[in-house]
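The domain 'Orn/DAP/Arg decarboxylase 2 N-terminal' feature in TrEMBL is assigned to 49-278. TrEMBL lists LYS58 with the feature N6-(pyridoxal phosphate)lysine. The active site, proton donor annotation in TrEMBL covers CYS340.
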Amino acid sequence: MFENSKNWLTPTLRNTLLEHPQLNEHELAYFVYQLDELKQHLLDLQDQDVIKLWYAVKANPLSRIIQTLDSAAFNFDVASAGELQQVLAQGVVPERILNTGPAKSLTQLTEFLTQGVSVFIVESINQLKWLNQAAKKLNKRPKVLLRVQLQWQEGEKNPLGGNSVTPFGLSTGEWQEIHVKQYPQLNLCGLHIFQWGNMLSNQKMYALWQQMVSALVELACSIGMPLNILDLGGGLGVDYFEQGETLSWPQIIADLAHIKAQANVEELWLELGRYAVAHCGYYVVPVVDRKVNYQQQQLVLAAGINHLLRPAITEQPFPVRLLRDSSAPSTYFDLYGPLCTSLDKLGHLPLPEDIEVADQLVFAYAGAYGFTESMPFFLCHQTAAEYVIENGKMSEVRAAQPASWYLA
Ligand SMILES: Cc1ncc(COP(=O)(O)O)c(C=O)c1O
């Protein structure tokens with residue numbers, strides 16, 4: 001199990017990164033993923049019999065990451081045709097794939113059914129009608145979970161909505177307009193609910209899950225659905241601020257065993273994103289300039305939100321260290337990227353005072369919502385490379401590319 005330890009830049013990792021030769025002239029910065037550690041973490045998560053685990057591919061769709069999840073018997077949650085193709089291309093059978101997302105058209109649903117996907121999280125009445133129609137035409141009967149959006153009195157606002165109204169699913173009131181009998185071509189057998197993000201408190205998570213159960217059981221009953229499956233999405237958090245806040249996995253399993261009994265479901269599912277893969281990944285980038293501006297210590301990096309957008313969206317920085325060893329005391333620096341917007345900032349974070357131009361910085365927890373969540377095209381910079389470390393050896397999976405690669 002990965003620990004949220006401040007000592008994540010281990011001597012072994014530091015040496016591997018220091019020895020990394022820059023062979024590609026276009027490589028400014030790169031992501032690197034530790035696959036052996038990832039595999040062990042995933043096997044630890046699988047060492048229980050309470051929940052069935054799916055991987056939310058959006059967190060990191062890199063082939064080698066998907067292969068590692070596959071080898072640890074995870075199933076896959078895909079939210080687009082691109083994610084589906086990427087998972088199928090790794091040799092995963094479609095029976096182990098489910099489809100979430102608010103933008104499923106009749107065309108997409110038909111395509112997914114044709115490709116063999118047989119589990120759908122349905123987020124609107126139209127999706128339900130279209131899936132029924134497509135399933136009839138193709139003579140299939142997929143499993144369907146309805147995505148429910150609840151409101152709480154003391155809800156929190158977060159990237160997935162919290163108490164604000166979002167396109168992710170429908171309220172119980174809207175779902176009560178349907179009845180399972182109207183969709184004979186669908187095996188409507190479960191509910192899905194997920195509207196929180198980066199939770200770091202076991203108590204809070206358990207309280208949220210508990211508050212939902214009665215509303216969900218009631219809904220299933222009123223629309224004639226046997227509630228066999230409950231899918232609680234993702235949202236298990238990572239301690240980006242390094243404040244020592246961390247979830248206990250054994251406690252999550254114990255809490256979910258209660259939820260499973262309370263909801264009286266046969267299967268409880270989670271689709272993990274960051275909790276599965278964030279810890280295995282790092283982002284390495286050099287310092288291009290250092291200056292003091294209005295008493296602010298500023299570092300300008302070779303890349304910023306063009307490679308690592310998440311801090312600008314969430315105001316949660318990825319923790320950072322200087323790659324080389326330094327015994328200088330730390331001070332706070334503002335870390336900027338090369339784009340023409342003050343949004344291009346990776347954080348206000350402590351680093352050794354003796355940091356210099358050309359020093360390399362390493363950001364942690366970049367295994368999730370890194371490379372593919374970013375905005376690589378703005379200002380026509382090079383894309384980041386992606387590497388894996390396996391059996392102590394670092395190898396390239398995706399080379400860095402110059403702007404001419406994507407400009408037309
Ligand atoms: C439907 C669904 N499931 C799971 C996840 C994964 O969330 P997390 O990375 O917080 O585990 C997401 C993330 O947006 C999602 O939209």
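Here the Cβ of each residue, glycine as well, is placed from N, Cα and C on the backbone.
Heads up, TrEMBL stuff is auto-annotated, nobody curated it.
Mean pLDDT for the domain 'Orn/DAP/Arg decarboxylase 2 N-terminal' (49-278) in the predicted structure: 94. Summarising the environment of CYS340 (active site, proton donor), the number of other Cβ atoms within 10 Å of its Cβ, over all protein chains shown, is 8.
Cβ neighbours within 10 Å of LYS58 (N6-(pyridoxal phosphate)lysine), excluding its own Cβ and spanning all shown chains: 20. Taking the C-alpha positions, the distance from CYS340 (active site, proton donor) to LYS58 (N6-(pyridoxal phosphate)lysine) comes to 27 Å.
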